[in-house]
Structure formats: C-alpha cells, structure tokens
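Enquirer: Please read through the structure below; I'll follow up with questions.
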Amino acid sequence: MSQTDVLDLYKQAGAFHEGRFLLASGRQSPYFMQSTTLLQHPRALMELGGLMSQKILDAGLKPDFIVGPAMGGVTLAYEVARQLSETLPDVRAIFAEKDGSGGMKLREAFAVRPGETFVAVEDVLTTGGSLLRAVRAVEGQGGQCIGLCCIIDRRQQTGPLSGYPLMSLKELYFDTYASHEVPGWLAERPLQEI
C-alpha cells in the first residue's frame, strides 16, 4: 500500500474532513482525520495494523509489548501486537489512559517488568503529546521504549518525541494555527470542536 492509499482509506471511509477544527492540541486546522471512523472497519484495521507491524519488523525491533494511548490507540495497539505475534513470541497489547492530572497511567492489570521493551502506536500524530504521555507512563513502570509508530505523522517539528525512533505510514503536513493566527479564509468557516 502506498502513502497515497493510506489517505485514500481515510477519504473512502468518510474519515477525512475539511472545515475548521479545534484540535486536541488547542490549534485550529482546515482538516481533521477521524481515525475511529476508519478503524471501526476490521479490514482497514487489519491492513493498517499489518503495515505498521511490518514497519516495526523492518526496523529490526522485537518489542515485548505494544502500547497505545486511550482511546484511539487501543484497537490499533491490539491489532499491531496480534500481527507481530505471528512472527515474534507473544507480543502483548496494553493501553495508557488519562490519570486526571494531565498525564497518563496504566491499569494495574498491565504488569510491566523492568527492562521490557515496547513500541508505542498512535493513529495520527499532530503534536505527539498523547503518545509521549503514554510512553512516559510505561517508562515510569520500568519499560524501555524502542520505537514509535503511527499511521499518519502530521507534525511539522520533531518536538518532544525527538529522542525516539519514529516510523509512519504517511507524512501529511498541513498548517495548523493558534487562535490568534487563524487566517481570514479559515476564520470564515464555523469552528468545530473535536
């Protein structure tokens, strides 16, 4: 599957939107990609999970588990781990969830042994904040992050993720704006909070 095909999957599923959107980062964008609309389809999830697991294998990584930030990364982490488990010994899937104080935490049932390696997965990276909070939650339990993998990398700067190897199925850059930077053509559109 080519990079163009990944974007086509979003469009075909009605998961690529044009308008004016307030992103989780607080920035505004003329585009929004709603991965849950796409990933509710098992065939799309299997295809994307397969591409991501192949990227991980091609990079020579052999994680003990895959972690995704809740909610969007939960099914993705499971599917990537499932497909990696066809090649590697029992790769687990876990998720990190909000802890109520701006960070993330793991459920008690997700035991991480010190030194276990993991890859963190995400659907769309805009700032990387959610993924970084998930990584830090696992590192706080003794896990060692050996890579990051996403479907779409929208970041225009490496930012806080620069210390980790990143793999993506597609890089897609379009401008985002702070509220005081929104150009007139975009300001004319109704703002949709997502």
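Cβ coordinates are placed from backbone N, Cα and C, and glycine is handled just like the others.
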Enquirer: In Swiss-Prot, E122, D123, V124, L125, T126, T127, G128, G129, S130 are given as binding 5-phospho-alpha-D-ribose 1-diphosphate, so which of K98, K105 is in that site too?
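Expert: Answer, per Swiss-Prot (5-phospho-alpha-D-ribose 1-diphosphate site with E122, D123, V124, L125, T126, T127, G128, G129, S130), from K98, K105: K98.
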Enquirer: In whole Å, how far is D123 (5-phospho-alpha-D-ribose 1-diphosphate binding site) from R154 (orotate binding site) when you measure between their Cα atoms?
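Expert: Distance (Cα to Cα, whole Å): 10 Å.
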Enquirer: According to DSSP, collapsed to three classes, what secondary structure does G129 (5-phospho-alpha-D-ribose 1-diphosphate binding site) have?
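Expert: For G129 (5-phospho-alpha-D-ribose 1-diphosphate binding site) - judged by DSSP and reduced to three states - the answer is helix.
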